[in-house]
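Working notes, structure below.
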Amino acid sequence: MSVQYSLSPQFMLLSNITQFSPIFYLTSFPGLEGIKHWIFIPFFFMYMVAISGNCFILIIIKTNPRLHTPMYYLLSLLALTDLGLCVSTLPTTMGIFWFNSHSIYFGACQIQMFCIHSFSFMESSVLLMMSFDRLVAICHPLRYSVIITGQQVVRAGLIVIFRGPVATIPIVLLLKAFPYCGSVVLSHSFCLHQEVIQLACTDITFNNLYGLMVVVFTVMLDLVLIALSYGLILHTVAGLASQEEQRRAFQTCTAPLCAVLVFFVPMMGLSLVHRFGKHAPPAIHLLMANVYLFVPPMLNPIIYSIKTKEIHRAIIKFLGLKKASK
């Protein structure tokens, strides 16, 4: 049963007139408008955990000189990326749930889309860097301090920062050239390229091919290299002499490996739904998009706080607990 949206005549007229710069209507959770304030409670909780958790990780690393090492510089970059990804969706989500503001101008939609996809590509790159860091630390421990230096991390970080936006800019700019003369309803709380491009009333083959190429040569390539890195790590760990050495080596990889799973599993699920689930209910698309954008920023600080001993000890010390002295 389709859901009807009561758009105002002014909204519809303005959307039809501004064919090349439409105003989109974000539905959020269609059919559940009556309980939207209750729906916002888990979203607000995830926002608070994600923002406070990642800020806390940054403060812990900043205030603890022992954590001023390449591994934790990469963790800081991951926390910053998670903050950016989380904050990118905040304006429209807050506007819908608290101010009943569902409309978004095309320019604002482009900016939000640019931020979401840029930070997604950046997070993929950071996870690749972290896997390479663990690969060198376990497979070549004696050369770690030579290969992985603070200067190398800064250079790699700059590449990561520019890689995401450079890959995203053409996707976003190409949307400006398309007319949008049909429906202007987006079944999300935010703008995603896969959803916006479907509203264009012209041939979008080139845009789809370019978007697929970008995903293959960024996210998918990163995933393959990450899998190879952890495959080599597991091979090296399996060859260690004692079980205690194997356990210690594997423990250093637990947190970054969990971060990889938390990020890539929802992303692959969302991609499969968009590519092959065109007839799936809108709620499925919406659920997968929210899991992909909200869960990694929320869980990453928790994972590193629990699974990384140095972070755990630094948190205890920062909070002034007695265990810090042990």
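For all residues, glycine too, the Cβ spot is worked out from N, Cα and C.
Swiss-Prot lists C109-C201 with the feature disulfide bond. If you look up Swiss-Prot, you'll see N16 marked as N-linked glycosylation site. Per Swiss-Prot, the feature topological domain 'Extracellular' maps to 1-40, 98-110, 187-213, 274-282; the stated evidence is sequence analysis. If you look up Swiss-Prot, you'll see 62-76, 132-165, 235-252, 304-326 marked as topological domain 'Cytoplasmic'. Here Swiss-Prot flags 41-61, 77-97, 111-131, 166-186, 214-234, 253-273, 283-303 as transmembrane segment, drawing on sequence analysis.
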* **Leading stretch by Cβ pairs under 8 Å, where the reference is the transmembrane segment (253-273) and the options are 41-61, 111-131, 283-303** => 283-303
* Stretch contact, the transmembrane segment (77-97) with the transmembrane segment (283-303), Cβ-Cβ under 8 Å, 3+ pairs -> yes
* To do: Go ahead and report the DSSP secondary structure tallies for the topological domain 'Extracellular' (187-213): helix first, then strand, then coil.
  => 16 helix, 0 strand, 11 coil
* Asked: What are the helix, strand and coil residue counts for the topological domain 'Cytoplasmic' (62-76) according to DSSP?
  -> 12 helix, 0 strand, 3 coil
* Structure fact -> Model confidence for the topological domain 'Extracellular' (1-40), as mean pLDDT, reads 60
* **Long-range Cβ neighbours of the topological domain 'Extracellular' (98-110) (under 8 Å; 6 or more residues past either end)** => 11, 18, 21-28, 40, 92, 172, 175-176, 180, 191, 196
* To do: Check the disulfide-bonded residues C109, C201 for other C-beta atoms within 10 angstroms of each C-beta and report the one with the most.
  => C109
